[in-house]
Amino acid sequence: MTTIVCVRKDGKVAIGGDGQATLGNCVEKGTVRKVRRLYKDKVVTGFAGSTADAFILRDLFEKKLELHQGHLVKSAVELAKEWRTERSLRKLEAMMIVANESEFLLVSGSGDVIEPEFDVLAIGSGGNYAKAAALALLRTENNLSAKEIVAEALKIAGDIDIYSNHNHVIEEV
């Protein structure tokens, strides 16, 4: 369980996640890094779900990025197709948000590759809280950057969701 949120504002895309890993009802670690840079630091990914499954998917996505020379949409679609059709991958329990400087997408094991409608995507147990907070901040007149909106949304989600904490990693592309 976790919170991953991605926001686009003023030509910048920021993605962030909390650091909590749980095993059953216990917090096992509070400093897990769920947001990572890939493909020459031009792509950022954030994962929610089983840690081992997320690492498998991240590695597969990185291979797709290399194969398709960093083309985000093509790589995400190819990953979703393989994830959906490859028997050994079908049972992986994770979701991911992938982003570059101009696009970001939600990729799921059910074959979904979704571009956001309102410049916000969020996944994980705290995803709905973070999405609502980010949307509210985007719709309010303020001088907050995409990165600052992500930070505030993660803070709010961490206050509400017991499976998310306040140890955040935020990357901007």
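Placed from the backbone N, Cα and C atoms, the Cβ positions cover glycine too.
As recorded in Swiss-Prot:
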| type | residues | note |
| --- | --- | --- |
| ACT_SITE | Thr2 | active site |
| BINDING | Gly158, Asp161, Ser164 | Na(+) binding site |
Query raised in the report: Restricting the comparison to the binding-site residues Gly158, Asp161, Ser164, which residue's C-alpha is spatially nearest the C-alpha of the residue listed as 'active site'?
Result: Ser164
Report summary line: Within 8 Å of the Cβ centroid of Gly158, Asp161, Ser164, the other same-chain residues by Cβ around the recorded Na(+) site are Thr2, Thr3, Asp18, Gln20, Ser125, Gly126, Tyr129, Leu154, Ala157, Asp159, Ile160, Ile162, Tyr163, Asn165, His166
Report summary line: Filtered by Cβ under 8 Å and at least 6 apart in sequence, the residues in the chain of Ser164 (Na(+) binding site) near it are Met1, Thr2, Thr3, Asp18, Gln20, Gly124, Ser125, Gly126, Leu154, Ala157, Gly158
Report summary line: Using a 10 Å radius on the Cβ of Asp161 (Na(+) binding site), the other Cβ atoms enclosed count 21
